[in-house]
Amino acid sequence: MLKNDDTIVAIATPSGYGAIAVIRISGNNSIKIIKKIFCSFSKNQIETNYIHLGYIKYKKQIIDKVLIFLFKKPKSYTGEDIVEISCHGSIYIQNKLLSIIIDQGARLANPGEFTLRAFLNGKIDLCQAESILDIVNSETFFSHKFAINQMRGNISLLIRKLSKEIINLLSLIEFELDFSEENCNFINYLEFKKMLYNIIKKLKTLIRSFKIGNALKNGISVSIIGCPNVGKSTLFNKLLKYERSIVSNIAGTTRNYIEDSLIINGIKFRFIDTAGINNNTKDYIEKLGIKKTYSKINKSDLILYVFDDLNEKFILKKVKSLQEKYPKKKIFIIINKYDLIKKKIKEFNYKKIFKISAKYGYGVNNLLSEITFFSKKITSLKENTIVITQTRHYESFKKAIFYLYKVKKNLYSISPEFLSIDIRTALDYLGKVTGEVTNEDILSNIFSKFCIGK
């Protein structure tokens, strides 16, 4: 069992110097500890739900002038007694206060342990716990919006409704089992299949939402690819509006991919400058770079295929070859160095082709507008749509659907006892999302990603 009966302490604010810092204590002895070291200016009893001004004193020495906040269980973040100390942001003061509180019987918290205790004490479910980390890490309007919705319990509520529907299916099967000796069928199998189909349909909608949710949370991946020395790095820098990648007229300068982000209209884009594709190279390092390029292409939402000439047959051959290898990928053809090309484009048999000069910026804004427009098509959502952003949830929902499909397939061919096992397994996978069914390994993996003070 996970132990949570002692008192923990941690610095809750980012490390380093600052105007203020916050130190958080949680556990049965947190208020007892603060009463030993805090001298209130008001000389009154330290009460909960009030802010108190005073000194932290230790061995007759004043350490700092602080504000303290007391939260009595169960009305606190962790469901335990909590004290938060707001002190000056000196590194010495922070470490000294931490040391004093540990001397008084607390121990240093593990990463995410405050939120873990909130989960163990029933203040939040596992889905909401993950959303807190997402809120802390949110960089854009949409990543913040999804995290807030998850924290409010929107996904948890939907899972509870789906679980209830699955329990109804299970009840029908169990009822059939209870009266199996009567040689009577109590299940209306047509109605049962209809209920099963509706549950699967809702789960599939959640699974489909993951592509959108993941893109909006982690960023839309845009890989810039092409032969060596066609201007990929120059375009990469121009899109980011600063010199992020080394630019040289020597072919093969970029041996590894370089990635950086840009936020446009609340959406995060992850632009990736890749190694030039030279299938004839004998250079081992260059081959490794090209291998990574193809790996990035496979994971990209959009590919910018850069060329620096107008050989239509060559270009379409290259694009067709890539499209055959990655049939679901969206590809934009980029004709770079257009200012140097004497033969101008009249017609070109491809939907998305952009004439640019990455060096001088010609056509880059138009390209950026099209990239933004593309993002809207893959991220368009109806108002109040529930979207999943966690890979863990996605995998659990896929497993739940797998077992429900087994029930659908075997409905008329196997004993209700075996159908019951598959339905229970599907129910368990939904329970894993909210933490109703879990183990210590899952909890450790989730909460280890938090900072120590959270």
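Cβ coordinates come from backbone N, Cα and C, glycine included.
Non-local neighbourhood of LYS454 ((6S)-5-formyl-5,6,7,8-tetrahydrofolate binding site): ALA12, PRO111, GLY112, PHE114, THR115, ILE132, LEU133, VAL136, each in the same chain, at least six residues away, with C-beta under 8 Å from its C-beta. Among the features that Swiss-Prot reports, (6S)-5-formyl-5,6,7,8-tetrahydrofolate binding site is placed at ARG24, GLU84, LYS123, LYS454.
Feature annotation from Swiss-Prot assigns GTP binding site to 229-234, 248-254, 273-276. Packing around SER233 (Mg(2+) binding site) is summarised by its Cβ count: 24 other Cβ atoms lie within 10 angstroms of its Cβ, all protein chains included.
Here Swiss-Prot flags ASN229, SER248, ILE250, THR253 as K(+) binding site. Summarising the environment of ASN229 (GTP binding site), the number of other Cβ atoms within 10 Å of its Cβ, over all protein chains shown, is 17. Secondary structure from DSSP puts ASN229 (GTP binding site) in coil.
Look at Swiss-Prot and you will find SER233, THR254 tagged as Mg(2+) binding site, backed by sequence analysis.
Among the features that Swiss-Prot reports, domain 'TrmE-type G' is placed at 219-376.
LYS232 (GTP binding site) sits 48 Å from ARG24 ((6S)-5-formyl-5,6,7,8-tetrahydrofolate binding site), taking the C-alpha atoms as the reference points. According to DSSP, GLU84 ((6S)-5-formyl-5,6,7,8-tetrahydrofolate binding site) is assigned to a strand segment. Taking the binding-site residues ARG24, LYS123, LYS232 in turn, the residue surrounded by the fewest other Cβ atoms inside 10 Å of its Cβ turns out to be LYS123.
Rounded to a whole value, the Cα-Cα separation of ASN229 (GTP binding site) and ARG24 ((6S)-5-formyl-5,6,7,8-tetrahydrofolate binding site) is 54 Å. Candidate binding-site residues: ARG24, GLU84, LYS123, ALA275. Nearest to SER233 (Mg(2+) binding site) by Cα distance: ALA275. Within 10 Å of the C-beta of GLU84 ((6S)-5-formyl-5,6,7,8-tetrahydrofolate binding site) we count 20 further C-beta atoms, all protein chains included.
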